[in-house]
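Working notes, beginning with the structure itself.
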Amino acid sequence: MLSRVGGLELDICCSGTMAALRTAKQELRKEIKRRIAALSEEEKRQQSVVVSQKLFQHPKYLSCTRIAVFLNMSDEVHTEEIIKDIFKQGKTCFVPKYKISSRHMVMLQVRSLHDIETLPLTSWNIRQPEDDDNSREEAFFGGGLDLILVPGLGFDPLGRRLGRGKGFYDSYLQRCMKQLNSKPYTIALAYKEQLCQEIPVNSNDVLVDEILYEDDAQTVTSDK
């Protein structure tokens, strides 16, 4: 199997070992990070605007009432305008809380943009609720989610996703499928530089349903 990003080609067909897969993913992450780093802040802003506008017109977004959205890192599609629109439309908004030590993630409700702005910063320089904040609804136990907006480093046309290696979203979606017998619809938000010909994956990697990026809305097929 060949994975290609730009001029990089990774051959992992000769070995089915986990070590080979990890190496392939690590090399692909490096290449995608280089491509994103080459974007100016204005280019990232412009692409983020296009992706946001595509989302605002998307039937799944228009019909959803409970939505989870990531608070973007500097190399991810900007989500602030999306968050503003979620509150404007009266939808219930959830954001991730990552538990680094256990690689566990929950989705907790936030009530306003100001609420988000008052959350503490993590070592990743993103905001999330405090560990002892028990006042927020956890989506998994409060009615689930209709839609999850998914971050990532790379994506391919089949919905395969390359994350940062922690497995937070894969584990969360697997829990949804196991305990709720279904998973929320997932839309990945990406810069066009994050699109790959093929992402190397294993059985633990959960596909996304759709990818939104500047050139097109890429519909993909995933196991539901």
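Using the three backbone atoms N, Cα and C, a Cβ is placed for every residue, glycine included.
Since the structure is predicted, the reported quantities are computational estimates derived from the model, not experimental observations.
Straight from TrEMBL, the features:
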- 22-49: coiled coil (COILED)
- LYS25, GLN26, GLU27, LEU28, ARG29, ARG161, LEU162, GLY163, ARG164, GLY165, LYS166, GLY167, PHE168, TYR169: ATP binding site (BINDING)
- LEU71, GLU76: substrate binding site (BINDING)
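A separation of roughly 20 Å, to the nearest angstrom, links the Cα atoms of ARG29 (ATP binding site) and LEU71 (substrate binding site). Under the DSSP three-state reduction, LEU162 (ATP binding site) is assigned to strand. Annotation for PHE168 (ATP binding site): same-chain Cβ neighbours under 8 Å, separated by at least 6 residues, are PRO96, TYR98, ARG103, HIS104, MET105. For ARG164 (ATP binding site), the count of additional Cβ atoms within 10 Å of its Cβ stands at 15 [all protein chains shown]. Between the listed binding-site residues, namely LEU71, LEU162, the fewest other CB atoms within 10 angstroms of a CB are found at LEU71. Cα to Cα, ARG164 (ATP binding site) and LEU71 (substrate binding site) are separated by 15 Å. The number of other CB atoms found within 10 A of the CB of LYS166 (ATP binding site), across every protein chain shown, is 13. Across the structure, GLU76 (substrate binding site) and LEU162 (ATP binding site) place their CA atoms 13 angstrom apart. Between the candidate binding-site residues, LYS25, ARG29, the densest Cβ environment within 10 Å is the one around LYS25. DSSP assigns LEU71 (substrate binding site) to coil in the three-state reduction, placing it in neither a helix nor a strand. Most Cβ neighbours within 10 Å, among the binding-site residues GLU27, GLU76: GLU76 holds that distinction in the structure as shown.
The CA atom of LEU162 (ATP binding site) is located 18 Å away from the CA atom of LEU71 (substrate binding site). Pairwise Cα distances among LYS25, GLN26, GLU27, LEU28, ARG29, ARG161, LEU162, GLY163, ARG164, GLY165, LYS166, GLY167, PHE168, TYR169, which the record gives as the binders of ATP, peak at 21 Å.
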